[in-house]
Structures are given as structure tokens and as C-alpha cells.
């Protein structure tokens with residue numbers, strides 16, 4: 001179960017969820033007609049070794065990504081990745097040259113998207129996650145397509161100061177992303193995160209988030225109790241918070257941003273992928289998720 005000052009690397013707790021997502025992106029990239037291609041996702045999984053290699057090779061039929069849930073989850077990751085990739089292309093076309101990846105994890109967009117000259121990508125995450133990513137990509141010989149600046153910081157600490165210390169200019173437009181992040185923050189921390197984004201964003205800035213509507217608390221408590229009883233500290237329901245400070249579109253619209261939200265199931269439909277069956281394990285998850293982007297001013 002999470003604590004106020006818990007720490008992690010790429011193999012435990014919140015950190016290992018980045019590998020699960022990377023394995024999903026790797027499986028999406030292997031499809032005949034992928035929604036998004038992230039070749040580095042498989043590189044990360046192979047570097048982590050063990051079950052993660054089996055996950056991307058599909059050689060372990062018991063791995064969660066080989067189940068019905070896994071098929072739905074890979075579709076989810078393909079659609080989500082495409083949504084945010086398209087967002088960053090709009091951002092680049094609008095002339096924004098500062099990009100901030102909050103809880104960057106194993107996001108490889110600084111290496112795989114065609115950024116305009118002069119773009120700086122700031123990657124915020126805990127030091128051990130950034131170290132793993134840096135070393136794996138260095139050994140692979142990867143070269144970023146923008147100037148990449150690591151900002152080793154826990155988002156529960158003073159991350160705005162750390163971002164500024166690494167050269168971020170709040171007087172210039174910026175583009176932000178919180179992908180796969182908010183469920184790991186309690187509502188008060190979400191509020192602080194949104195406020196920090198708003199305070200550092202000049203007119204013409206953009207933000208994109210993935211958010212989940214909380215499930216009924218009695219349902220969540222049962223799932224959390226089952227997760228804790230399993231003895232697996234990395235179980236999903238032992239890591240997440242069932243909280244939301246406010247729907248993102250509402251929060252940012254009240255502060256002068258123009259926002260647009262789509263549900264994940266709508267996004268799946270738009271890209272030609274099926275939503276999970278109503279009685280499936282993934283249905284509650286995808287049915288609660290929305291994707292939003294907004295522009296300030």
C-alpha cells in the first residue's frame with residue numbers, strides 16, 4: 001500500500017507500471033496495422049529482462065497481457081498513445097517549443113516524434129526511473145530528436161522549482177502531459193499539480209491529461225482489500241487512489257483554458273478498435289477513463 005514518502009525504481013511499485021505499459025506499446029507496435037509505433041518500448045522491456053521479455057515475445061500464455069484483459073489493454077494503450085502523439089503534433093504546429101512530460105516514465109517521445117528545431121523536452125520523474133531510461137537508451141545508441149533535459153524530482157515535492165532550475169521559461173508557451181499519472185495521486189496532489197501547470201503556463205500553452213472517474217468507494221475498498229490480501233505490493237489496486245479533485249475540463253475551463261474531452265471508448269471507436277465487452281474485466285477501467293487537451297488563452 002502507498003505511503004506519503006514511498007520510493008521506487010523501475011521494477012517495483014509505481015515504477016513497474018511503466019514496464020507494463022511499455023510492454024503493451026511493444027505489442028501494439030508488432031501488429032500489422034499499429035495505431036502507434038514505439039520501437040523503444042520493446043528495448044526497455046528486454047533491458048528489464050525476465051517476464052518482460054516473455055511479455056513482448058508472447059511466449060508466456062499466463063502473462064496478463066496474453067489474456068482477454070491484455071488484448072483490451074493493448075488496444076487501450078494503442079489508442080491512448082495515438083491520441084497524445086496527435087496532440088503533440090498539434091502543439092508543434094502551433095509553434096510551442098517547450099514540452100513537459102510529467103512522470104515521464106518510459107515515454108520515448110523525445111526520441112521518436114519529429115520535433116521542430118529548438119524544441120526542449122523536459123522529463124520529470126524520480127531519479128532511479130530516469131537513470132534506467134537514460135542508460136538503456138544510451139546502450140541502444142538512441143539519439144533524441146529534440147533537446148532532452150532530465151528533471152529528477154518526485155511530483156510530491158517542489159517540482160516547479162526543479163523545472164525552472166533546469167531552464168524552463170514560464171514566460172514562453174509550453175505543452176504539458178499527464179498520461180497515466182493522476183490515478184497514482186490523491187485528490188489534493190492532483191489539485192496542486194493542476195495549479196502548478198496553470199501557474200507556469202503562458203498564454204498559448206497546452207495541456208493534455210488522462211483521467212479516471214472514481215469508482216464507487218465500496219467497490220474500490222473490496223478490490224483494494226483483495227490486492228493487499230494477495231501479498232503482492234505491486235498489485236494495481238494497492239498502488240492507485242480512487243480520487244479526483246475535479247474533471248480536468250471543468251478545472252482548466254474555470255481558469256481560462258479552452259478544453260476538449262473524449263472518453264476512451266469514444267477514442268477506441270474513432271480509431272477502429274473495439275471497446276471491451278460490457279462484462280469483461282477491462283470494461284470498468286476503460287469506461288471510466290477520459291482523455292482531455294486544452295489551450296490557455
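A Cβ is built for glycine as well, from the same backbone N, Cα and C atoms used for every other residue.
Annotated features in Swiss-Prot:
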type    : residues      : note
BINDING : 125, 154, 155 : S-adenosyl-L-methionine binding site
Using a Cβ cut-off under 8 Å and a sequence separation of 6 or more, which residues in the same chain sit near residue 154 (S-adenosyl-L-methionine binding site)?
126
Using the CB centroid of 125, 154, 155 as the S-adenosyl-L-methionine site centre, which other residues of the same chain sit with their CB within 8 A?
102, 103, 124, 126, 153, 156, 157, 159
Including all protein chains shown, what's the count of other C-beta atoms within 10 A of the C-beta of residue 155 (S-adenosyl-L-methionine binding site)?
20
Three-state secondary structure, residue 154 (S-adenosyl-L-methionine binding site) (per DSSP):
coil
For a quick check of understanding: given the listed S-adenosyl-L-methionine-binding residues 125, 154, 155, what is the maximum Cα-Cα distance in angstrom, as an integer?
7
Mind giving me a neighbour count for residue 125 (S-adenosyl-L-methionine binding site)? Other Cβ atoms within 10 Å of its Cβ, every protein chain shown.
27
